[in-house]
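Database features, via TrEMBL:
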type	residues	note
DOMAIN	29-116	domain 'Pyrroline-5-carboxylate reductase catalytic N-terminal'
DOMAIN	259-392	domain 'Ferric oxidoreductase'
REGION	1-24	region 'Disordered'
TRANSMEM	211-229	transmembrane segment
TRANSMEM	261-281	transmembrane segment
TRANSMEM	302-323	transmembrane segment
TRANSMEM	356-376	transmembrane segment
TRANSMEM	388-409	transmembrane segment
TRANSMEM	429-451	transmembrane segment
C-alpha cells in the first residue's frame with residue numbers, strides 16, 4: 001500500500017495547511033506495545049505513513065516475522081526508551097504486566113486503543129484505568145473505533161474518523177497530527193471523561209437502525225397477520241379449503257409490498273408534519289417535538305428498508321410461476337376450460353391491467369434503487385446539495401406517486417367487489433393507500449403558490465408577529481426588499 005493511496009483529511013473542521021504551529025508528524029518514531037492483530041495492522045499503517053515504528057513484545061524473536069521488515073521488533077523496555085508516543089495495544093486485563101515499565105514510561109504519551117466486550121462493563125473506562133496505573137504518563141484515548149482491516153486497507157475503505165480524548169491538550173494535538181498523517185480525520189471529544197462513551201461506540205449494533213427495523217418488523221407482522229386471515233384462514237373456515245401452502249411465498253409476497261409502500265410514505269410524512277408545524281406557529285425557530293425530530297433523523301434508514309422490502313417483493317414475484325402449486329392450478333384451469341370447451345379466454349381488461357401494473361412497478365423499483373444508491377456516503381459525497389436534494393426529495397416524491405399508481409392498477413376495480421371483503425375486511429392494498437395518499441395530497445396543497453410562498457418566507461427567517469426585512473424575487477426575476485409582519 002503506497003502512501004499516495006491514503007486520503008489526507010483535514011484536522012478537525014478546518015484546514016491546517018500553512019499553520020506554522022503544526023509541525024509534520026511523519027518521520028518521528030512511534031512505539032507500539034503488543035503483538036496482536038491490531039498492533040500488527042497499526043504498525044503496517046504507521047510504516048506506510050512514513051513513521052519509524054518500534055514494536056515492544058515479550059517474545060520479539062517469535063513475533064518479528066509478523067510485522068513489516070521496516071518496523072523494529074524488540075523487548076518492551078527497549079521499545080519504550082526509543083520513543084515518546086506509545087500505542088498500548090494490549091487488553092485491559094494485561095495492563096498490570098506493564099507496571100514494571102512505570103519508571104521508563106514516565107513523561108511519555110500513552111495512546112489507549114482498547115475496547116471492552118460489553119457496554120459499561122467496568123465502572124471506569126480502560127483509558128482512565130490505564131491513567132491510574134501510570135500517573136506519571138499522559139494517556140490519550142483514540143483509534144479504538146478503527147478496525148484492524150481499516151488500518152491495513154486504507155481510510156477510504158472504512159470509517160475515516162478517529163475519536164480522541166484526553167485531559168492534556170498538547171498530547172491530544174500530537175495524536176491528532178499522527179492520525180492526520182495516517183489518513184484519518186481526528187475528532188476531539190474533549191477530556192478523559194468522554195473515554196467511556198468512545199469505548200461504547202464500537203459495541204453498539206446499528207444504533208441508528210433500531211427504530212426503523214422495529215417499525216418495519218411491526219408493519220410486517222401486522223400486514224402478514226391481516227393477509228393470513230384473508231388468504232388462508234377465511235377459505236379454511238368458510239369453504240373448508242386447505243391453503244396453508246400459501247404462507248411461505250404468497251402471503252409473504254403480499255405483505256412485502258405493503259411494508260415497502262407504507263415505509264416509503266413514512267419517509268416523507270415527517271416533512272409534511274414539520275411544514276405544518278412551521279405554518280401553524282409561523283416560525284422555523286420553534287423546536288420540533290422529540291418524536292418528530294427522531295423521525296426526521298431516521299428517514300434514511302426507513303427509506304433503505306423500504307427499498308429492501310421492494311427488492312424482496314420483486315424476487316418473490318419472479319418466483320411465483322416456479323411453484324409446484326402454481327403449475328397444478330394452471331393444469332387444473334386448462335382441464336376445466338377444455339371440458340367446458342372454452343376456446344377464447346382472453347380478457348382484454350385484465351391483460352391491460354397486468355401490463356400496466358408490472359411496468360409501473362418496474363419504474364417504481366428503479367426509482368427506489370436510485371434513492372438507495374444516492375444515500376450511500378460514497379455516492380452522496382460526489383453530489384452537490386442541489387443534486388442530492390433533487391434526487392432524495394423530487395425523485396423520491398415521484399417514486400411515491402409511481403408506487404401509488406402501481407398499487408391502484410393492482411387493485412383496479414377490486415375495491416368495489418364484495419367478494420374481496422373476507423370477514424368484512426377490505427383488501428390489504430386499500431389500507432396501504434391511506435398514509436401515501438395523505439402525503440401526496442399534502443404535497444400538492446403545499447405546492448399552491450399562496451402556501452408555498454408563505455412557507456418559503458418562514459424558512460428564510462420570517463416570523464409571525466415580528467417585522468422582518470426580507471428579499472424576494474419579483475415577477476421580472478429581480479429581487480425587491482421590504483418589511484412585513486403577521487398582520488400584513
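Placement of Cβ uses the backbone N, Cα and C atoms for every residue, glycine included.
Unlike curated records, TrEMBL annotations are generated automatically.
Mapped onto DSSP helix, strand and coil, the domain 'Pyrroline-5-carboxylate reductase catalytic N-terminal' (29-116) counts 39 helix, 23 strand, 26 coil. With helix defined as DSSP H, G or I and strand as E or B, the domain 'Ferric oxidoreductase' (259-392) counts 110 helix, 0 strand, 24 coil. Listed by sequence, the residues of this chain that lie at least six past the ends of the transmembrane segment (302-323) yet keep a Cβ under 8 A from its Cβ atoms are 212-213, 215-216, 249-250, 252-253, 256-257, 259-261, 263-264, 266-267, 361, 364-365, 368-369, 371-372, 375, 396.
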